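Here the structure is laid out as structure tokens; the discussion comes afterwards.
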Amino acid sequence: MQALVMLLATGATYYLGLLAAAAAAVNPGRPNTPGSLPAHRRQKRDWIWNQMHIDEERNDSLPHYVGKIKSSVDPKKTEYQLRGESAGKVFRVDKNTGDVYALERLDREKISEYHLTALVVDKDSKKNLESPSSFTIKVHDVNDNWPVFTHRVFNASVPEMSGIGTSVIQVTAMDADDPTVADHASVVYQLTKGKENFDIRGSGLIVTMNKHLDRETQDKYEVVVKAEDAQGRRGESGTATVFITLQDVNDNFPIFTQNRYTFSVPEDIRVGSPLGSLFVEDPDEPQNRKTKYSFVQGEYRDTFTIDTDPSHNEGIIKPIKPLDYERIRQYSFTIEATDPTIDLRYLGSTSPKNIARVIINVTDVDEPPIFQQPFYHFQLQENQKKPLIGSVLAKDPDAAQRDIRYSIRRTSDKGQFFGITKKGGIYNDKELDREVYPWYNLTVEAKEVDLSGTPTGKESIVQVHIEVMDENDNAPEFAKPYEPKVCENAPQGKLVVQISATDKDITPRDVKFKFSLSTEDSNFTLIDNHDNTANIIVKYGYFDRERAKVHHLPVLISDNGRPSLTGTSTLHVTVCKCNEHGEFTLCEEAAAQVGISIQALVAIFLCILTFTVITLLIILRRRLRKQARAHGKSVPEIHEQLVTYDEEGGGEMDTTSYDVSVLNSARHGGAKPPRPALDARPSLYAQVQKPPRQAPGAHAPGEMAAMIGVKKDEADHDGGGPPYDTLHIYGYEGAESIAESLSSLGTDSSDSDIDYDFLNDWGTRFKMLAELYGSDPQEELVY
């Protein structure tokens, strides 16, 4: 069985014709001819529709009828259903009739098509009687939207003075309606503000309508654009604002802010320094300000220049040469200001040039003296003293015309040869030698002085170059050292050497040297070549080498100067043994002159000085050793005078209270060695010995007291010996001590009854005293 497709729409009559044609084309009730289809073949069922249409935004009551779906199945058994995202929400179908309804107003601008699936099922079993079929519901557009601009505010710019019709900006408004349906999406633009200077084309392009838009008068404009839909039902429209900024062009000339500029400047202003500025007004933006300043008719363009400051567009006046108050005190000239980069198309009635008068007053400054020349060059003949070599002259450029005093700066030793007078005359004190210094460069100083002769502090310097002129004061000599050799069997006429000459003086091109021998009795002769050279040749031939191995040949050399000078140079010719080919085999050259350089002399002197110092140190050391032996002390004994501070005792003073030699002799059981005969002075040291060991129970403290008393009397009555007092300092001493004072300063011979055994009870600090003054019978050591 074959299905019938039907497309229905309320109010759409033309769809009926389409449905009728479709039904006629596939009508299942048409007769079957014998050759068309087999009688036993079953016809396939199929949908007779696939598309429906409905207008958007319908104002009639809901639901809105869309169309009908129909199947050739027995309608008593069929039930129609819809499947899809919008089924049951936006659309529903009458399950009995197949009518499709819209449940809400549709908006094409939101959804223009809906895709659904139609089902035909059995009413009882709910099983599909036909295969599901998809169809589309298209929403027809109505003109229900007005244009909306892409931006609410637009910004644009255009050069000022632009011609009529110059494009400014393209604005766009969008209509959400279907552009394929009639004129639903067509937009019409118009200006509601700013139409006196601008216009808008149908495409939304804004153009200029005034060619005299001047940025300096008004630089910004506001234009309001309206976009509307002529076919719209509600007559709504959209608006946007356009802000148009005029771009600057160079259409204005600079104008001086003053007609006259006056400046005062000191005459000593440095060349190239700014002395004043010229200001102009140019309403154009900075990038279009290109003012050029120039002198009118070339006035003082050789004295001043005017540079343009690129940041401020001002003219800066600078001197290009020194100013002189005494010569010109005021400068007056005219300056012109113009802009060479201006666009003449925009030039109106404004004058392209603007002029101003400039007056520069030069003020006087106390200036230093000025020499008449930048430098001086004098010539002086060597070997002469001249009272006046040349004069320098400096003047005070100021009106005061102060006096000038001259002096030579002693920057080198060369200046000591010259002097200068108060008037600037230069003279030489000593004769000069051109061969030592051909040039002398002096620095002459000129100072201003007041009426009292006191310098004012203003001074100038100038360089003076003195050239020493040459005179013929040096005799000719050999051009280089010669070491000629000759074979002892040299034949007559054999060339020995060719010599040439030189002169320390300036030798002109026409100088001529004459050569000759001072003696003619030798075996050599000289031939002058008349080209400032000479040949020495063998005169007779053959030499006796055993008789003379070296021949000294004086050569006279004369020049043609005025006066002519003659010098003698000695040529040392060595006689050598030669083989048969004339080759030298044995030569003994002349002994070279022995000389010692200054460096060698200094080295020899330093060596001698070093040797002398070492010798003196050795002698001094030996003398000190002899003095030590004279005092009866050996070197080890002297070293024993060093104090060890970790031992208890009286400190550094103990070193003078005993004789080390005595203690050493006592330690070894011997007596003190005798004094040398040369030591005639009395001993200042006490020969301290511990009393001999006594029998048990015996006490002999009086012997120690007697010894101390004897020594004290000797010291008190010795008139030839110097005073030798010793102060002993102990850690525990005085009235608070058990032993009271132990100092020997207040004791005499009356202490013989003192018992020193109590020192043994005082501990290790007084062990030494206890051993010295105690009478321990068990002690074997003797100090």
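Heads up, the Cβ atoms here are built off N, Cα and C, so glycines get one too.
For reference, Swiss-Prot has these:
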- 1-25: signal peptide (SIGNAL)
- 44-149: domain 'Cadherin 1' (DOMAIN)
- E56, E109, D141, V142, D144, D177: Ca(2+) 2 binding site (BINDING)
- E56, E57, D107, E109, D144: Ca(2+) 1 binding site (BINDING)
- N143, N145, D175, D177, H184, D229: Ca(2+) 3 binding site (BINDING)
- 150-256: domain 'Cadherin 2' (DOMAIN)
- 257-371: domain 'Cadherin 3' (DOMAIN)
- 372-478: domain 'Cadherin 4' (DOMAIN)
- 478-585: domain 'Cadherin 5' (DOMAIN)
- 600-620: transmembrane segment (TRANSMEM)
- 621-660: region 'Required for interaction with PALS1' (REGION)
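Sequence features annotated in Swiss-Prot and their locations in the structure.
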{"residue": "E56", "record": "Ca(2+) 2 binding site", "Cβ contacts under 8 Å, 6 or more apart": "R105, L106, D107, R108, V139, H140, D141, V142, D144"}
{"residue": "E57", "record": "Ca(2+) 1 binding site", "Cβ contacts under 8 Å, 6 or more apart": "R105, L106, D107, V142, D144"}
{"residue": "E109", "record": "Ca(2+) 2 binding site", "Cβ contacts under 8 Å, 6 or more apart": "N145, A176, D177"}
{"residue": "D175", "record": "Ca(2+) 3 binding site", "Cβ contacts under 8 Å, 6 or more apart": "N145, W146, P147, V148, H184, A185, S186, V187, D229"}
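This prediction places the mean pLDDT of the domain 'Cadherin 3' (257-371) at 88. Using a 10 Å radius centred on the Cβ of D107 (Ca(2+) 1 binding site) and all shown protein chains, the other Cβ atoms total 14. There are 24 other Cβ atoms within 10 Å of the Cβ belonging to D177 (Ca(2+) 2 binding site). Note on the binding-site residues D141, D144, D229: the fewest other CB atoms within 10 A surround the CB of D144. Other residues of the chain with a Cβ within 8 Å of the Cβ centroid of E56, E57, D107, E109, D144, the Ca(2+) 1 site, are R105, L106, R108, K110, V139, D141, V142, N145.
Taking DSSP states H, G and I as helix and E and B as strand, the domain 'Cadherin 4' (372-478) has 5 helix, 53 strand, 49 coil.
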